[in-house]
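Annotated features in TrEMBL:
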type     : residues  : note
TRANSMEM : B:33-53   : transmembrane segment
TRANSMEM : B:73-94   : transmembrane segment
TRANSMEM : B:115-140 : transmembrane segment
TRANSMEM : B:160-185 : transmembrane segment
TRANSMEM : B:192-210 : transmembrane segment
TRANSMEM : B:242-261 : transmembrane segment
Amino acid sequence: MGPMRRPPPARQRGGVIELRELTKRYGDRIAVDDLSFTVSPGRVTGFLGPNGAGKTTTMRMALGLGRPTSGTALVHGRPYAQLREPLRQVGALLEGSAAHGRRRARSHLLWLARSNRIPRTRVREVLGMVGLEDVARKMPQGFSLGMNQRLGIAAALLGDPPLLLLDEPVNGLDPEGILWIRNLMKDLAAEGRTVLVSSHLMSEMALTADHLVVIGKGRLLADTPMNDFIAQHSRSRVRVRTPEPDRMREALTRAGLRVSTGEDGTLEADGTEVSFVGEVASRAGITVHELSRRAASLEEAFMGLTGEYVDHRGTARVPDQAEAAPPGPDRDPADVRTERGDR
Amino acid sequence: MTAETGTAERGVRRRGGALAAEWTKIRTLPSTLWTLLTAFVLTVGIAAVYGIVLRDAYGDMDAKGRSTWDPVYSGLNGLTFGELGMVAFAVLVVGAEYSTGTIRASLTAVPRRGLFYASQLLAGTLLSLVVAVVTTYAAFFVSQAGIGPEHNASLGDPGVLRATLGACVYLTLLCLFSMGVAAMLRSSTLSLGVLIPLFFILSEVLTNVSKVKTVAKYLPDEAGRQIMRLVPWDDKLGAWEGLWVMVAWTVAAVAGGYVMLRRREI
């Protein structure tokens with residue numbers, strides 16, 4: 001029995017998550033629709049979509065908790081259920097910590113460690129990593145949502161896995177916690193690990209992810225490097241401050257631009273560049289006090305992309321009744337929060 | 001060492017990990033362990049009282065009563081109440097997984113559902129067996145001491161060892177049965193809502209209605225309890241017959257729980 005048979009240690013060797021034509025139906029509703037993409041090591045991949053887009057359903061299938069209607073989800077090249085000592089190969093955070101409210105934090109990690117023959121010294125280590133060493137002997141029922149989230153992350157890190165799947169990890173974390181998890185994910189990716197992190201907040205992903213996978217209503221909308229996504233989907237706007245706003249608006253509209261009025265009375269021309277607006281102003285002989293380019297926010301780019309795929313909107317367009325409330329497990333994080341609070 | 005034995009050994013240790021995890025889970029949940037302590041205290045406490053009551057009762061009995069005198073079964077009557085704690089323990093071990101979401105962590109750690117299920121049931125069963133032995137023999141000795149040396153039973157008397165060991169087996173099967181039911185229903189409250197009426201109301205009521213007596217004797221607890229009798233009863237199942245019926249119930253519940261765990265999504 002040579003040492004060759006055993007896979008090399010986690011570090012410097014990520015793993016791959018591979019979804020092939022993954023589809024999940026709940027009765028009539030299609031939660032995940034022919035989804036194919038690959039998550040590569042060494043970078044943080046943001047898994048983005050509005051609430052109810054199918055992110056959690058997809059991650060649950062990758063972990064073997066949910067069964068695909070068709071297609072496959074492979075981690076390290078095989079179905080999750082076939083992994084040997086999976087906690088050493090995949091770290092997962094799903095909807096918080098999944099810890100029993102009356103089992104001490106340390107004990108929760110201890111039984112997990114036992115299940116995959118991870119040395120018990122590692123329990124203390126991960127508790128330190130997530131900043132929970134002071135409450136190691138406390139019961140999670142007294143934890144805040146953020147502390148529970150940290151306990152869940154500690155569980156994910158327990159086996160020092162080369163691949164991490166984190167479902168909405170910033171949920172319930174305070175600003176300091178958010179910064180911490182952001183840096184943690186970047187560090188893990190920098191060590192060569194594979195990190196897939198889901199979120200419904202584009203702004204959060206913009207600060208963390210190197211690569212983006214965007215889904216809406218279970219379908220793949222984009223699979224692209226972060227920078228390309230920004231370039232492709234953001235429309236730049238030009239801000240114009242002028243003493244003659246009415247004339248300026250007229251001139252810009254005549255030039256074929258869409259113009260709106262900003263909060264402070266300035267004008268904003270959509271989808272154009274500073275140089276073009278400058279020329280229009282010059283030709284019309286209008287005095288200009290300020291001319292600046294405003295990159296569209298990523299949030300706007302995201303909404304532009306997923307706009308028609310949003311499942312439940314506050315007001316305005318009302319979606320079809322049939323797709324209003326998904327009965328599946330892919331719930332709004334706000335719902336989850338309430339549930340956990342009641343426990 | 002050849003490659004084959006190395007792999008096999010590692011496989012065994014891996015499965016041992018799943019069992020160690022389930023044992024750690026049980027051990028680290030004080031609220032679950034209280035149910036077992038309650039079972040012990042209730043059973044032994046009632047046995048102490050019963051022993052003294054039975055000593056006086058024997059004196060008042062006629063010849064017919066004395067001919068069916070069963071100090072073991074009567075002395076262990078407290079088990080009826082102790083069962084409640086044992087059933088609650090079994091239900092909590094399995095049901096808490098679902099009510100707290102721990103099942104998701106369990107199945108990501110041990111994705112082979114059969115292995116997870118077997119480990120959980122084995123850990124729960126072993127602990128309930130230990131508690132059953134301690135409880136049964138404590139109750140036996142306490143109640144026999146209360147009855148007094150003239151009319152009590154001792155372990156060497158015919159059938160006593162079978163009755164007391166049978167009581168341990170019965171309690172353990174009861175736990176295993178309850179764990180299977182909890183795995184089928186995937187909820188502690190629902191399981192207790194089914195099991196408590198079944199064990200503590202239904203069988204009491206049905207056995208007292210003459211027309212359904214024949215059905216009632218096949219209920220798991222009514223059947224399983226007969227192993228504790230020194231003197232068999234006419235309208236109940238025999239000791240071994242009853243135990244086998246109990247085993248059949250248990251196998252069915254455990255299999256049902258397994259099918260549910262395999263088929264349902266988490």
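The backbone N, Cα and C atoms fix where each Cβ goes, and this holds for glycine too.
Remember, it's a predicted structure, so these values are computed and weren't measured experimentally.
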TODO: Could you tell me whether the transmembrane segment (B:192-210) and the transmembrane segment (B:115-140) have 3+ CB pairs under 8 A, leaving out pairs under 6 positions apart?
DONE: no
- [ ] State the residues, same chain only, that lie 6 or more residues beyond the ends of the transmembrane segment (B:33-53) and have a CB under 8 A from a CB inside it; answer 'none' if no residue qualifies.
- [x] 26-27, 74-79, 81-86, 88-89, 92, 127-128, 131, 134-136, 138-140, 142-147
- [ ] Using a Cβ-Cβ cut-off of under 8 Å, list the residues of the same chain that are 6+ residues beyond the ends of the transmembrane segment (B:73-94) and lie near it.
- [x] 25-26, 29, 31-33, 35-40, 42-47, 50-51, 54, 120, 123-124, 128, 131-132, 135-136, 139-140, 143-144, 146-147, 152-153, 163-164, 167, 171, 174-179, 181-183, 188, 191-192, 195-196, 199-200, 221, 228-231, 257
Open item on the list: Can you tell me which parts of the same chain pack against the transmembrane segment (B:160-185), counting only residues 6+ beyond its ends and a CB-CB cutoff under 8 A?
Closed with: 72-73, 76, 79, 82-83, 86-87, 89-91, 93-95, 117, 120-121, 124-125, 128-129, 131-133, 135-137, 140, 153-154, 191, 194-195, 199, 220-221, 224-225, 227-230, 239, 243, 246-247, 249-250, 252-258, 260-261
Task: Same-chain residue ranges lying at least 6 outside the transmembrane segment (B:242-261) that approach it to Cβ under 8 Å - done: 94, 113-114, 116-117, 121, 166, 169-170, 173-174, 176-184, 186, 217-218, 220-227, 236
